[in-house]
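Chemist: Handing you a structure now.
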């Protein structure tokens, strides 16, 4: 729930007259109801309408009194997203471009796997991290999303899957934006979708990825929720990583590894390192050896990513044969590594590409 204190702390949050009802955790809904002179058990009924029956309006909550429904309508909104574009790949990947209440646009992706359906969600409108290979940073950061706007992405995809009686089984927080720059809303989102009164998606089926905001890695290590953790690394040496990711100038590789060591000491959980391969930049065997040396001894997995071409960026994709060589070298050196399967290659699959095409919506 967005409080005055949260707004003061997070200047990039929106200032709507009504916040999304999906921004409330179950305990917050209970507390709010009590403050309004309502019975606490109504929270369970409201959450059932929102997350199990997945209604589109408060008026559909027919086991609530008229007065309570009006109270909810006076304080909250249910509809926060409008689908602007929906692109479907021949491999089943679906990319959504959603418009928010204030006209900004965000992307969400449904990816189909043998083991279930995964949704990649966005946490910010734009991004200020400035990774030089990413379309999401084009145009900078406009604002942070409310927790409810992140929840609504998952719910909208789930509603689309309801027609075929399928279920969202995994969530990855790897869409537009840096999740750790919208930390409190991200954590509320995680607690909401993980709650058994809500979507009840297991913590171990949710992954959050960061570019390396070190203070927040320490905070995340101290949380009481066992979410999977990934770090966008992309290079083992500061010179190369700073070229790809300017955030490295503030939080260098050495300090990043120290934070990850703390995370593992606290949680005893594996970390995934995401490593995008860029032709002639970080994809040689010497780079594989540098990477292996850096992360040796950590409980980790390396996810090698064949990069998507972004027209506004100059990087080129590494040849398939070189990707296999890179993976083989890591394995030879004792590092657990796999190559990420490419999905949605026939649509605007790179993070931020679809939104970049529609960005005139935001530059009114």
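Cβ from N, Cα, C; glycine included.
Quick caveat, the model's predicted, so the values are computed rather than measured.
Sequence annotations record features per position, and here Swiss-Prot assigns active site, proton acceptor to 107 based on sequence analysis. Residues or ranges marked as domain 'Radical SAM core' by Swiss-Prot: 113-346. Under the heading disulfide bond, Swiss-Prot lists 120-351, citing sequence analysis as support. Residues or ranges marked as [4Fe-4S] cluster binding site in Swiss-Prot: 127, 131, 134. As annotated by Swiss-Prot, S-adenosyl-L-methionine binding site applies to 177, 178, 209, 232, 233, 234, 308. Taken from Swiss-Prot, the feature active site, S-methylcysteine intermediate applies to 351, supported by sequence analysis.
Please situate the listed features within the shown structure.
Modeler: Secondary structure from DSSP puts residue 107 (active site, proton acceptor) in a beta strand.
Mean pLDDT for the domain 'Radical SAM core' (113-346) in the predicted structure: 95.
For residue 120 (disulfide bond), the same-chain residues lying six or more positions away in sequence with a CB closer than 8 A to its CB are 108, 109, 111, 171, 172, 173, 174, 175.
Classification of residue 127 ([4Fe-4S] cluster binding site) by DSSP places it in coil, neither helical nor stranded.
Within 10 Å of the C-beta of residue 178 (S-adenosyl-L-methionine binding site) there are 26 other C-beta atoms, taking all protein chains into account.
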Chemist: How many other Cβ atoms sit within 10 Å of the Cβ of residue 134 ([4Fe-4S] cluster binding site)?
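Modeler: Within a 10 Å radius of the Cβ of residue 134 ([4Fe-4S] cluster binding site) lie 26 other Cβ atoms.
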Chemist: Please find which two of 177, 178, 209, 232, 233, 234, 308 have the most distant C-alpha atoms, given that the record lists them as binding S-adenosyl-L-methionine, and give only that distance in angstrom, rounded to a whole number.
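Modeler: Among the residues the record ties to S-adenosyl-L-methionine, max Cα distance equals 19 Å.
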Chemist: May I ask which residues of the same chain, at least 6 positions away in sequence, place their Cβ under 8 angstroms from the Cβ of residue 234 (S-adenosyl-L-methionine binding site)?
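Modeler: Same-chain residues close to residue 234 (S-adenosyl-L-methionine binding site) (Cβ under 8 Å, separated by 6 or more) are 240, 241, 244, 245, 274, 275, 276, 278, 282.
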Chemist: Out of 107, 127, 131, 134, point to the one nearest residue 177 (S-adenosyl-L-methionine binding site) in space (Cα versus Cα); all of them are recorded positions in the record.
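Modeler: Its closest listed neighbour, by Cα, is 127.
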Chemist: Please report the distance from the Cα of residue 107 (active site, proton acceptor) to the Cα of residue 127 ([4Fe-4S] cluster binding site), rounded to the nearest angstrom.
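Modeler: Cα of residue 107 (active site, proton acceptor) to Cα of residue 127 ([4Fe-4S] cluster binding site) measures 13 Å after rounding.
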Chemist: Hey, which of the binding-site residues 127, 131, 233 is the loneliest by Cβ count within 10 Å?
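Modeler: Taking 127, 131, 233 as the binding-site residues, the minimal 10 Å Cβ count falls on 131.
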